[in-house]
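Accompanying notes for the structure given below.
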Amino acid sequence: MSHLPILLLLLLVSPGLQAAPTQTTSLKATQVNCSNLREEIVTLLNQPPLPSSNFNNLNREDQRILMKPNLRRPNLEAFQKAVKSLQNATAIESSLKDLPLCLPMATNASMQHPIRIKDGDWNDFRMKLKFYLKTLEIKQPQ
């Protein structure tokens, strides 16, 4: 028997284990467990059919764009737009709608373009979204 459901339940009900709100996160973000949301999206991305999700296949320019703090929201908007062109992606689309609550408010508008995702290409979408989520995990305190 797996203890994962019990652990997840404890994380949801125990206030000491939840992240404290910071100045960079909205109050609504306290209602959304950002770490769990990222993990949920990654779990959905890992469902078959699985592409090779080797981040080394992601070119340096795409990595740079996905790592830029001032492009977090524009990149998320690009993923939200791209998910609409994918089949069987309703669950991911729903989770992406909650993700803006986990991002800091934009400080200044960027003149750079957000990430480009090939229309209808699951492999491209998965690889880039996984990398993007990983950068959020590293950059954002939880």
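A Cβ is built for glycine as well, from the same backbone N, Cα and C atoms used for every other residue.
Residues annotated as signal peptide in Swiss-Prot, with similarity to another entry given as evidence: 1-18.
Cβ neighbours within 10 Å of ASN33 (N-linked glycosylation site), excluding its own Cβ and spanning all shown chains: 20. DSSP classifies ASN33 (N-linked glycosylation site) as coil under the three-state reduction. The annotation N-linked glycosylation site is assigned in Swiss-Prot to ASN33 (among others) on the grounds of sequence analysis.
According to Swiss-Prot, the feature disulfide bond maps to CYS34-CYS102, an assignment based on similarity to another entry.
The N-linked glycosylation site annotation in Swiss-Prot covers ASN88 (among others) and is backed by sequence analysis. Under a cutoff of 8 A between CB atoms, and with a sequence separation of 6+ in the same chain, ASN88 (N-linked glycosylation site) has no neighbours.
The N-linked glycosylation site feature in Swiss-Prot is assigned to ASN108 (among others).
Its own atom aside, the Cβ of CYS102 (disulfide bond) has 22 Cβ atoms within 10 angstroms in the protein chains shown.
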